[in-house]
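Undergrad: Dropping a structure here in structure tokens format, bear with me for questions.
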Amino acid sequence: MNATITAIGGFVPTSILSNETISETVDTTVEWIEKRTGIKERRLATSKDQATSNLACAAIENLLENYDVDRKEIDCVLLATTTPDHLLTPTSSKVCEISGLTNAFGLDLNAACSGFLYALEMATTMIESGRYKKIIVVGADKMSSIVDYEDRNTCILFGDGAGAVLLEKTELGYGMMKSILRTDGSGTSALLVPAGGSKFPATMGTIVNRDHYIKQEGAFVFKKAVESMSSVSQDVLASNDLSVKDIDWVVPHQANLRIINAVSESLNIGIEKVKVNIERYGNTTSATIPLCLWDFAADFKQGQNILITTFGAGFSWGATCIKWGVMRKRLPAKSSKND
Ligand code: COA
């Protein structure tokens with residue numbers, strides 16, 4: 001018995017932050033951003049009722065509207081996010097309430113850009129244990145709540161969004177294969193929000209220092225991302241007895257188009273097999289991978305092998321393979337893609 005993805009949903013806010021607008025506020029150019037990152041625009045949750053829980057619920061609603069699944073049958077919601085609504089209480093509680101998942105328990109999981117993949121692995125083992133039948137894994141981040149729009153090193157990169165998948169069991173031989181997940185705390189200071197947690201609780205000083213915003217050593221993170229995603233992808237292929245020739249699609253974390261290109265080159269997988277939507281959404285952290293699955297779901301055919309790989313703060317990284325299976329029945333379209 002395997003766990004397999006049977007439904008997908010996604011959501012991005014309608015408000016667009018373009019490179020043109022950024023270049024009017026910090027010392028950069030439209031050309032520099034596009035050439036160095038591949039990003040043309042990102043979506044921002046600008047309305048007051050768009051906290052991370054709302055983004056997650058919009059993605060779940062999109063999934064439930066489009067696939068024939070009863071929300072009362074959902075056993076668990078694993079919410080990967082690095083931008084919870086509050087430090088206390090769990091954002092997943094709000095998600096269960098708003099989405100009417102009255103028979104589910106919810107759990108927040110923070111592993112930065114690797115959160116969705118970690119949550120997917122946890123859900124896989126929960127389904128394969130036989131103790132849970134239907135789990136929603138949702139990656140949602142409102143990065144605009146922790147981005148410093150005066151810092152040209154980071155404000156060009158991030159956007160807001162959410163993506164969700166439903167995981168269930170199958171006995172047809174499709175679904176989730178082996179994963180490799182890694183964590184290494186040596187990267188903590190290279191990518192973090194310094195204050196607001198238990199180490200440096202909020203003070204007037206932390207606010208004045210802008211320590212509640214993301215700080216990043218971009219070039220160092222870039223190098224580690226390319227090395228880690230390349231090597232963990234090779235390892236996960238070997239552990240699943242696959243070679244690069246067996247891979248139909250790669251769904252990489254979307255942090256920088258140059259990272260994606262370098263990983264594809266190092267794996268010797270043609271870029272035409274690599275799914276990319278960073279130009280429209282930027283880096284949505286926990287949401288990049290499910291948003292990419294959602295965006296390109298129509299391209300994935302039964303029996304095709306998909307390689308997923310990610311890298312994020314911590315450092316945290318990993319990879320998995322999926323043999324794409326049978327999706328649940330589609331419902332008559334109520335809503336088209338909400339972007
Ligand atoms: N516009 C114009 N110039 C910029 C700039 C901007 N927005 N940001 C940085 N620069 C400048 C730097 O100040 C530096 O100038 P200098 O040479 O005079 O010192 C120069 O560009 C090169 O800086 P560097 O940081 O080496 O650029 P880069 O090519 O590495 O690109 C990032 C910067 C942030 C785009 C890139 O490093 C990156 O994407 N890093 C990884 C991001 C990531 O994956 N983060 C999340 C992990 S999930």
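Placed from the backbone N, Cα and C atoms, the Cβ positions cover glycine too.
Keep in mind that what you see is a predicted model, and the values were worked out from it rather than measured.
Straight from TrEMBL, here's the annotation block:
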- C113: active site (ACT_SITE)
- H253: active site (ACT_SITE)
- N283: active site (ACT_SITE)
- 107-185: domain 'Beta-ketoacyl-[acyl-carrier-protein] synthase III N-terminal' (DOMAIN)
- 237-324: domain 'Beta-ketoacyl-[acyl-carrier-protein] synthase III C-terminal' (DOMAIN)
- 254-258: region 'ACP-binding' (REGION)
Undergrad: When secondary structure is assigned with DSSP, how many helix, strand and coil residues does the domain 'Beta-ketoacyl-[acyl-carrier-protein] synthase III N-terminal' (107-185) contain?
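TA: So the domain 'Beta-ketoacyl-[acyl-carrier-protein] synthase III N-terminal' (107-185) is made up of 21 helix, 32 strand, 26 coil.
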Undergrad: When a 10 Å sphere is centred on the Cβ of C113 (active site), how many other Cβ atoms does it contain?
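TA: Summing over all protein chains shown, C113 (active site) has 30 other Cβ atoms within 10 Å.
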Undergrad: When DSSP is mapped onto helix/strand/coil, what comes out for N283 (active site)?
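TA: Reduced to three states, the DSSP call for N283 (active site) is strand.
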Undergrad: Averaged across the region 'ACP-binding' (254-258), what pLDDT does the model get? Just tell me the whole number, please.
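TA: Across the region 'ACP-binding' (254-258), the average pLDDT comes out at 98.
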Undergrad: Return the residues near H253 (active site), defined as same-chain residues 6+ apart in sequence whose C-beta is under 8 angstroms from its C-beta, sorted by sequence, else 'none'.
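TA: When sequence neighbours closer than 6 are ignored, H253 (active site) has C113, S114, M229, T288, I289, T309, T310, F311, G312 within Cβ distance under 8 Å.
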Undergrad: So, by DSSP, how many helix, strand and coil residues make up the region 'ACP-binding' (254-258)?
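TA: Split by secondary structure, the region 'ACP-binding' (254-258) comes out as 2 helix, 0 strand, 3 coil.
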Undergrad: At a 10 Å cut-off from the C-beta of N283 (active site), count the other C-beta atoms across all protein chains.
TA: 24
